[in-house]
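Down below is the structure, laid out as structure tokens.
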Amino acid sequence: MLPPALNIPKWLEENSHLLQPPVNNYCVYHPSSPATAGYTVMIVGGPNARTDYHINTTPEFFYQYRGSMLLKTVDTSVSPPVFQDIPIHEGSIFLLPANTPHCPVRFKDTVGVVMEQPRPKDAVDTMLWFCKKCGEVVWEKRFVCTDLGTQVKEVVEEFAADQEKRTCKACGTIAETRYQEGEVVQPPRFLE
């Protein structure tokens, strides 16, 4: 028997405490469940201000349920890399192509849904940090993603705990693990 549809307002009312930093997400449909056909569906809340970029070998589908978010992306096929910010407003959807470095920045009282298709067997995810002074990659970690909810958090914490990993080899700038107050501004469409 199939489960009932998920009512997002009711789920948030009962479970918003599960959206905790540093990732602020909860997998409502886990890929290990036979009913999901390997898909991952997450509810993600704000605020978060992590500076890491994630590379997934499959596309990611974003639906912004409440408020606006900013999806920071990088085109690494050119040198120097080109950084592009994509606002995703309440009620909007966005399909991020596979293998695109991205950093989803969510603001206070915002909620989104992210869906990832099944990863190919032994697909390698990458998390990386760019130097905000020179644009070079400061550090990256590759891993086979078996549990997005825990593995991303572990990599973020590993980077945060090691100043050597956070130091840019090109210019010596120490990378921050969070954006500073006012450094990233919520897209203006739904500001109060």
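Residue positions begin at 1 at the first shown residue.
Backbone N, Cα and C atoms are what each Cβ position is placed from, and that goes for glycine too.
Quick look at what Swiss-Prot lists:
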- Arg50: O2 binding site (BINDING)
- His54, Glu60, His102: Fe cation binding site (BINDING)
- Glu60, Arg106, Glu116: substrate binding site (BINDING)
- Cys131, Cys134, Cys168, Cys171: divalent metal cation binding site (BINDING)
| request: May I ask which of the binding-site residues Arg50, Glu116, Cys131, Cys134, Cys171 is closest to Glu60 (Fe cation binding site) if we compare their C-alpha atoms? | output: Glu116
| said: Neighbours of the Fe cation site His54, Glu60, His102: Cβ within 8 Å of the Cβ centroid, same chain, sequence order. | reply: Tyr53, Ile55, Asn56, Leu71, Leu96, Thr100, Pro101, Cys103, Pro104
| With a radius of 8 angstroms around the mean position of the C-beta atoms of Cys131, Cys134, Cys168, Cys171, what other residues of the same chain does the divalent metal cation site pick up? | Lys132, Lys133, Gly135, Glu136, Val138, Lys169, Ala170, Gly172, Thr173
| query | Can you name the residues of this chain that are 6 or more positions from Cys134 (divalent metal cation binding site) yet have a C-beta less than 8 Å from its C-beta? | reply | Cys168, Ala170, Cys171, Thr173
| When the Cα-Cα distance from His102 (Fe cation binding site) is computed for each of the binding-site residues Arg50, Glu116, Cys131, which gives the smallest value? | Arg50
| said: Given a 10 Å Cβ-Cβ cut-off, pick out the one of the binding-site residues Arg50, His102 that has the most other Cβ atoms nearby. | reply: Arg50
| query | When the Cα of His54 (Fe cation binding site) is compared with the Cα of each of the binding-site residues Arg106, Glu116, Cys131, which one is closest? | reply | Glu116
